[in-house]
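**Q** Okay, here's the structure, questions in a sec.
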Amino acid sequence: MNRCAEAAAVAATVPGSGVGDAGLRPPMVPRQASFFPPPVPNPFVQQTTISASRRLQMFLLGIILLPVRALLVGIILLLAWPFAVISTACCPEKLTHPISNWRRKITRPALTFLARAMFFSMGFTVTVKGKVASPLEAPIFVVAPHSTFFDGIACVVAGLPSLVSRNENAQTPLVGRLLRALQPVLVSRVDPDSRKNTINEIKKRATSGGEWPQILVFPEGTCTNRSCLITFKPGAFIPGVPVQPVLLRYPNKLDTVTWTWQGYTFLQLCVLTFCQLFTKVEIEFMPVQAPSEEEKNDPVLFASRIRNLMAEALEIPVTDHTYEDCRLMISAGQLTLPMEAGLVEFSKISRKLKLDWDGIRKHLDEYASIASSSKGGRIGIEEFAEYLKLPVSDVLRQLFALFDRNNDGSIDFREYVIGLAVLCNPANTEEIIQVAFKLFDVDEDGYITEEEFCTILQASLGVPDLNVSGLFREIAQRDSVSYEEFKSFALKHPEYAKIFTTYLDLQTCHVFSLPEEVQTAPSVASNKVSPESQEEGTSDKKVD
């Protein structure tokens, strides 16, 4: 019997290496509660079902209400424009000083009245709870959940404080001038220093002692369906000043206001809302919350406490989704995956796994190449095996089960990212790569031939007629594979390292299940897998 045959014979004795073995050991890596799926899988989608009777009612009301309300909104905006001009005349777009008192005294009452009239003309009935804090009590309002462009009504009720807005919005005709009258903090998407400048500007205004107007911030940074509170951005909490949480509720039987990434468009929502007899909104001003000394030094901690406080009052859960999840949703759609496939709870995953946007986006490309052929944009065992160019075996099922955290028989993108970071990358060490190379290099000449490669894989996976020529050619540049080529391929494909360590775990379990005299018997495979000498082979397996 040659060396290949000896190694194959030993590998084939491992229980679980054959396809027909019944039962698999449970995953050896414990599930971390912090990686459990979020209570709300997708807060960026809204599906509103409108019955036939409601459609008829909206059509009949809309014949009268839609044109009248649209006309009134247009008239009010035109009436507000001169006051906005007076407020901002001869002022730079990015203010370095607050608008003078005489301008504010003339324009603020008029703009507040017209803004209230506009929302009233659109059919909004507003219920206000709590007391609005003064600039000295709370320089910053934090408003959540942010679910629609109609949330601007909170700004009106709060007395027209300053907003944080995109620089492009200030360039919009008519609306841009009205926005500038609020003395907004403008954010530029092309300026690399914009984030730092925005934080500094918020801090300067919040600590001005009432010289500047209060600032109203939507800390979620994007619109959701109000089913949860997503991660709060720390910008409003960095100054370390007291904030007043503001809750928004829309207690309507038919939701015509929610504006999410998947749902009705801006124009559709305007039409649907204008066709309602009225739209109810509740605005609750909660007690002012001052940061502790620890929270002043840790704005993320401060933001987390305020979010939990608001979520408790709203009786909804919190998740670690962010605006970056929306970007991943768009990327998933461009890769022909369902948009929701890109959701990973970016804030949690990036923090716990030390992954940045570019790293997760790269994993999405990899995931799409595997899952694009499957239904629903999820990886099944067949797609997993096809990607690895290996048959469905118990070793492969072990690895698949480790990735499949919720045991639903498929791997979603979130599970894929966690699996690579938690399972595969730690297993893909220099030592493991060396051990794997030694196992395949049966004749110990420093190269792996296709015969050696096929023989070991066929035996360890329990598939004697396995064709792995395609996988071998992907690794090899010539007729054999050097250690450097083997290492380069392993580093680019960490999934194979986990397959190998899973195989070693199964082999170790088998050794311990044998009688003591058999455990101490030397074998080709044990000598090659263990980096130590033959005499220490058994103890090394225990360490594994």
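Placement of Cβ uses the backbone N, Cα and C atoms for every residue, glycine included.
Got these off Swiss-Prot a minute ago, pasting:
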- 1-58: topological domain 'Cytoplasmic' (TOPO_DOM)
- 59-79: transmembrane segment (TRANSMEM)
- 80-544: topological domain 'Lumenal' (TOPO_DOM)
- ASP441, ASP443, ASP445, TYR447, GLU452: Ca(2+) 2 binding site (BINDING)
- 520-532: compositional bias 'Polar residues' (COMPBIAS)
**Q** Rank the binding-site residues ASP441, ASP443, ASP445, GLU452 by how many other Cβ atoms lie within 10 Å of each Cβ and give me the one with the fewest.
**A** ASP445
**Q** Determine, for the Ca(2+) 2 site, the additional residues of the same chain whose CB lies within 8 Å of the mean position of the CB atoms of ASP441, ASP443, ASP445, TYR447, GLU452; present them in sequence order.
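**A** Along the chain, the qualifying residues are PHE440, VAL442, GLU444, GLY446, ILE448, THR449, SER480.
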**Q** Within the same chain, where does the transmembrane segment (59-79) have neighbours whose Cβ lies under 8 angstroms from its own Cβ atoms, ignoring anything closer than 6 residues to its ends? I mean 6 or more beyond.
**A** 114, 117-118, 121-123, 174-175, 178, 271, 274-277
**Q** Non-local Cβ contacts of TYR447 (Ca(2+) 2 binding site) (under 8 Å, 6 or more apart, same chain)?
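**A** Sequence-distant Cβ neighbours: ASP441, SER480, VAL481, SER482.
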**Q** Is GLU452 (Ca(2+) 2 binding site) helix, strand or coil when read with DSSP?
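**A** In the DSSP reduction, GLU452 (Ca(2+) 2 binding site) maps to helix.
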**Q** Should TYR447 (Ca(2+) 2 binding site) be counted as helix, strand, or coil on the basis of DSSP?
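**A** In three-state terms, TYR447 (Ca(2+) 2 binding site) counts as coil.
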**Q** Name the secondary structure element type, per DSSP in three states, that contains ASP441 (Ca(2+) 2 binding site).
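**A** Looking at the DSSP assignment, ASP441 (Ca(2+) 2 binding site) belongs to neither helix nor strand, so coil.
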**Q** Looking only at the topological domain 'Lumenal' (80-544), report the model's average pLDDT.
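**A** Here the predicted model's pLDDT, averaged over the topological domain 'Lumenal' (80-544), is 83.
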